[in-house]
Structures are given as structure tokens and as C-alpha cells.
Amino acid sequence: IAFSVFTAALSTFITGFNAGSPNTPQRVIVGCNPEDYPPSILPPCLPMTPIVWGFTLAIFALGSLVAGLGAGSIIDYFGRKKALWLNNINIIIAGILMCTSTSVPQLILGRFFAGLGAGSASVFVAVYNSEIAPLRYKGMIGTMAQISVVSGVLVAQGLSLVLTYVPGWRILFSLTAVPCLLQTVLLLFCTETPAWLLTQGRKNEARSALHALREGHNIEREFDMLCLKNCSPPSNTADEKINTATRPVKKMGIKDILKESEARRGLLNALVIHMFQQLCGINAVVYYSTSIFQSVLGSKNSGIFTLLVAVTNITVSLLSTITVDRVGRKPLMLVSSFGMCLASILIVVATIARVNVMVMISVMLFVGCFGTGLGPLPWLLVPELLPPAALGTGASLCSAINWFCNFIIGFVFPTVRLFLGNWAFLPFAISTGCCALYVLFFVPETK
């Protein structure tokens, strides 16, 4: 199980890597003087305005939005394992386009392909991990997707400290293909999920897959439960006694979900939580932390503090992974959203008062609270809030709204920061406060 979880999580690791890699090298990519470098096949940098740079970052989320809309259908048609394998094609294309960029449009296209891979991975990894996880470890394994995302951000920002030069930024962008190549090989040794095999009517293969995942343990009770959840119900005709586990289960589309109150309520909660995961403002820090901290720490130290923020994120996310099955989902979500609301207010106060130390501490608190709940839990909650037949459709819709809000934050935040100045984090305080109230009154505990 650990091997399969690690292999799948390489996809979301790449998502974090591509989200964090442009942050620190921004000044080299857009700000160098081409005349200072000798002629070469590839230009030393790609000068662009702040608006164009913002769009270059945000197109990553737009590509993820496009991919997320179709990811549920892809994963239901091809299976969880094959979908992960096919997704590597997007990432390899992205790496080639970005590291060989001769123009801004080519870099934007590369970021778009990286987004296609990220949007697909957010669905594929969450579903795959959920379906191979034993019941007692579902919470821990379900948070691995977000752990791998923040790990990718951390590695990207660590490497960027030594690759922020010409042509080091091209080397940094090319490294996105390395985990893909590793995953392509490792997937050969992973099993398809028993749940998906059952939905395809492949009962014997599903039993073998579960045996491989639970080696040394009795699987009969768990297998019977999987059959109840993922196999077509028996008909009321004369052939009712036929083993209906050999018939593919009917998938629930949007209309089907809206007709059933339990599925409809679960989808609404999942969508709202995914919306708040991005509207909380975490990617304002991920995408722009280096430029934010330059005014406080100077250009030399801002990259180091950006790396420290990433370390904080992954450390707290790991603590959340350990406690989620014991403490529960709802308490962690409440602590996370209330904490981010408080941290956002402190950032505004510290910025207005020009207390630089307080700004840095508040940003660390902001990121740490995100890692407690709003970071790792939304994708864990999707399969827990939705019935198996609705998982493909629901995961696609959650991915779409998640990446749409990501795009809005990534593209709009520079403008918001320009107009609101020291008050730029006030909208995030309002958003996280609303999130806390929604979780408190409407989201059930799914532990």
C-alpha cells in the first residue's frame, strides 16, 4: 500500500513543483537584460509586464480547470492506474515547452500543459489513494495528496535558490519531467483499485487486487463491503439470483446526483469546501511570497524565507496527517479556518504598523493553519461525502471549482495588492471567517 500511495503521489508532487518553481526565479525570467548575455539559441530571459507574468502563473490553474472537468470521465473509463500513467504525457510536454521557451506564448503554453497535468492529478490521486486505503488509515492516506503537493513546492523553492540564474531557470523547469519518468516505471508494479474493477464487473480481478493490497490479512469481509458499494443491485426479475457483481455499476451524472438528497448535500459540501480552499488565499503566498517579502527582507533573504514558509507548510501538514483519524475532520477544519482568519487580520495590522517581524510570524501562522485542515482535508472529504457511483462526477466538479478559484486568486491578487495595499489580506480574512462558519453549521463529521 505504501508503495502504491507513494507512486500515485508523484503526480501531485509535480503539481506542487510546478506551482512553486516560478516564484523565486521571477526576477531572472522577466527582469534580465538580454544584451548582457552572449548570443545563444535560447534567449536568456523572457521580459514581460507584471500583468502578463500574472497570467503566465494563472494559466496553470486554468489548464487544471479544463482538465478537472474531464478527469472524472477519464478515470472512470480507463481506470485509476492507467489514468495516472496517461497523465504523464501532459507533464512531459509541459517540461519540454517550458525549458525550451523562446517566447512568452510558448512559456504560457507550457504552463497550460502543466496545469492539465495538475488538474487531472488532483482527481486521479485522491480517488486512487482513497480506494486502496484500509478503513483505519483512510484519513492518513487521504491526506498524502496534499503532503506531496507541499513537498513539491518545498523542493521547487529549495532548488530555485541555486538555480535562479541564466540559464538555471530552464534547468529548474525541465526537472518537472523527472518524477513523471519515475512514476511511469513504478506504476508497472502497482495494482488497479478493487473498487474500480468491481464497477466494471471484473469481480475475480478485484478480489486478486485486494489480496495483493492486504497481503497476509483476511479480505472476505472487506470484499463483501466493496461489492455492496460498487456492484449493481440485483434486478427484480427471474435472473435475480445471478451474481450481479459481474455487471458494471451505473455511474451517477450531475442530474442523477441532484435527484438524490444525500448525494446532492454531499456534493454541495464538497464544492463549498474546495472553493474555500483556494479563496482562503494560500496561493497568494505560494505564487507571490518572494515578491511580497522583498519589501520586508530584501531580494537576497526573501527567497530563504519563502523556503521557510514551505517547510512550515509541510511540517504542519504531516502533523495533521498523524492526527486526522484520531481527532476527526471537522475539528481540524475549524481550527484551520479560524486560525487563517486571525492570521490574515494580523498580517493586515502588522503591515499597516510596519512591524516586519510580526508580518513574517503572521504569514507563518497563516500557512501553518492552512496545513492543519484546509490544505490536506478537502480531497480526503470528497470520497467520504459522496457515494461511490457519484465519485467520478463529483471529483471532477470539485477539481473544476478548486482550480477556477485558484486561477482567480493567482490572476487577481497582484491587482488587489496594488489597489488595497496594506489591506490586501483583508478579503482572505473575510473568506476564511465565512469558511469557519460554514464548516461549523453545515459540514458533517465523516471520520
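Yeah, the Cβs are placed from backbone N, Cα and C, and that goes for glycine too.
As annotated by TrEMBL, domain 'Major facilitator superfamily (MFS) profile' applies to 4-447. Residues or ranges marked as transmembrane segment in TrEMBL: 51-72, 84-103, 109-128, 140-165, 267-290, 302-320, 332-353, 359-382, 389-413, 425-443.
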Quiz item: Apart from its near flanks, which chain residues at least 6 from the ends of the transmembrane segment (140-165) lie with a Cβ under 8 angstroms of it?
Solution: 1, 5, 9-21, 23-25, 27-28, 122, 125-126, 129-130, 132-133, 171-172, 175, 286, 303-304, 306-307, 310-311, 313-314, 317-318, 320-322, 324-325, 371, 375-377, 379-380, 383-384
Exercise. Take a look at 109-128, 302-320, 332-353, 389-413, 425-443 and tell me which one has the most Cβ pairs under 8 Å to the transmembrane segment (51-72).
Key: 389-413
Quiz item: In terms of Cβ proximity under 8 Å, which residues at least six beyond the ends of the transmembrane segment (302-320) contact it?
Solution: 20, 23-24, 143, 146-147, 150-151, 153-154, 157-158, 160-161, 164, 285, 289-294, 296, 332, 360, 363-364, 367-373, 375-377
Exercise. Give the one range among 109-128, 359-382, 425-443 whose Cβ atoms make the most pairs under 8 Å with those of the transmembrane segment (389-413).
Key: 109-128
